Amino acid sequence: MDTGGNSLQMIGTDATKRKVCYFYDPEVGNYYYGQGHPMKPHRIRMTHALLNHYGLLQDMQVLKPFPARDRDLCRFHADDYISFLKSITPETQQDQLRSLKRYNVGEDCPVFDGLYNFCQTYAGGSVGGAIKMNHKQCDIAINWAGGLHHAKKCEASGFCYVNDIVLAILELLKQHERVLYVDIDIHHGDGVEEAFYTTDRVMTVSFHKFGDYFPGTGDLRDIGYSKGKYYSLNVPLDDGIDDDSYQSLFKPIMGKVMEKFRPGAVVLQCGADSLSGDRLGCFNLSIKGHGECVRYMRSFNVPMLLVGGGGYTIRNVARCWCYETGVALGVEVEDKMPQNEYYEYFGPDYTLHVAPSNMENKNSRQLLEEIRGKLLENLSKLRHAPSVQFQERPPDTDMPEEDEDHKNPDERWGRHMDTDMIDSSRDERKPSLFNNQQTPHIWVKKESVETDMKDQNDTASITEQGKNIDKMIEDTTSLKVTENTTVVPATIVEQPTPIKPDSENNSSVKLSSDLPSKS
Ligand SMILES: [Zn+2]
């Protein structure tokens with residue numbers, strides 16, 4: 001199944017170079033969800049350290065994201081929700097219990113120091129990547145801090161506060177008629193699917209564990225609604241899926257999606273909780289198997305945004321995203337790990353790759369064939385790729401990347417606090433991502449309500465949502481503008497400036513095309 005619609009001639013590994021820009025904020029590793037919480041932004045800093053010591057930073061344009069502003073976030077999110085995220089602090093949260101409940105903040109999604117800045121940073125990276133792609137300044141943009149696919153318009157969910165993916169897709173829709181979203185996190189990409197459920201301009205495809213698992217949505221039968229019918233694809237999987245089983249679905253399905261939908265840009269969410277041995281996951285993918293999804297999507301030569309997502313055994317998350325950055329660059333990184341500031345995390349073998357386990361694969365060959373058959377049948381009902389008439393190009397979000405001294409990151413919270421710990425203080429009162437096994441009854445109920453709603457075409461809510469997304473997309477495509485929008489808007493005060501890995505000269509723009517190529 002190594003071919004199937006990809007546009008490049010494949011001879012061995014696909015060593016054709018791509019221009020890659022990589023977004024990283026040295027502060028991001030300092031945000032801390034709280035003791036015992038499995039989501040650790042520190043894993044982004046560990047990933048960066050591996051990229052640095054493997055020598056991959058010099059093959060990419062390295063950019064510090066410009067923080068997303070309120071109005072950028074409000075292109076998808078409700079104003080009152082963003083105001084709440086901006087104002088809430090650990091000190092004041094006791095006075096806002098009703099709001100905490102209303103916005104689902106406090107349990108899975110705790111209030112912590114710098115929460116709003118964290119949201120601005122990870123959203124800024126994804127939107128910044130979309131802008132670079134729209135300007136054709138890179139073939140692949142990477143933001144490992146992004147990928148927070150559960151966030152909803154008016155509420156936080158599953159460790160996610162703002163949905164950087166939805167915001168990036170809205171930006172890409174300014175330049176592209178059709179955008180494809182692919183999600184290989186072990187959890188269903190519910191926030192992104194919901195946002196685009198009624199449009200044919202965004203196709204969402206999610207591969208995930210389904211059945212007694214957070215968030216409970218992502219049934220094979222959920223295929224989109226109204227104009228969006230057949231433009232949502234869900235691939236429900238069971239425990240223990242291995243590389244071969246996964247690819248027996250991923251390649252034929254994504255090959256057919258690329259052939260039928262013909263997207264102008266792809267967003268690939270690379271959640272690493274689908275790896276073997278994840279603290280919250282139950283799949284059995286190797287890093288190579290996970291990375292094969294990146295390699296395959298890259299082979300179509302369509303501009304691509306790679307974002308992170310879940311991933312809770314943080315040493316493996318860093319390994320995975322380092323490897324996948326190499327895949328993006330067309331570089332096969334060595335298994336033997338170079339010395340780095342987090343070397344002790346990677347013992348006893350100190351290798352990039354780790355063996356999958358011998359756990360049982362509960363996905364029978366027959367079940368996989370049924371799923372594949374059903375999805376290919378749905379895809380065959382897509383007659384053609386929809387197109388949209390662009391009048392004039394809308395202006396970019398004026399979000400340049402900041403100039404940056406690449407100094408040693410502030411380690412004010414110390415990395416000892418980010419080591420993997422077993423959490424003994426799990427709260428069982430609310431639907432929860434990291435509590436999943438303890439509370440299936442709550443979200444199974446939610447799932448059946450949602451499925452019923454879709455099955456019965458109880459249209460009120462979905463139609464309302466469809467109006468919302470049509471309005472959002474309209475805002476991105478039919479604005480009257482007088483400037484040629486490839487010109488940077490006048491409000492930008494400085495040109496994007498890359499972070500230099502060597503921290504020396506920060507004043508000049510270093511284009512990745514100037515860099516020596518590897519391998
Ligand atoms: Zn996940």
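Backbone N, Cα and C atoms are what each Cβ position is placed from, and that goes for glycine too.
Those TrEMBL annotations? Automatic predictions, nothing curated.
Listed features, source TrEMBL:
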type: ACT_SITE; residues: HIS150; note: active site, proton acceptor
type: BINDING; residues: ASP108, GLY158, TYR312; note: substrate binding site
type: COMPBIAS; residues: 504-519; note: compositional bias 'Polar residues'
type: DOMAIN; residues: 37-325; note: domain 'Histone deacetylase'
Using a 10 Å radius around its CB, how many other CB atoms surround the residue listed as 'active site, proton acceptor'?
27
The mean pLDDT across the domain 'Histone deacetylase' (37-325) is 98
Between the two most distant Cα atoms of the substrate-binding residues ASP108, GLY158, TYR312, the distance in Å is 14
Given the binding-site residues ASP108, GLY158, TYR312, which lie within 10 A of HIS150 (active site, proton acceptor) by CA-CA distance?
GLY158
Could you tally the C-beta atoms, other than its own, that fall within 10 angstroms of the C-beta of TYR312 (substrate binding site)?
24
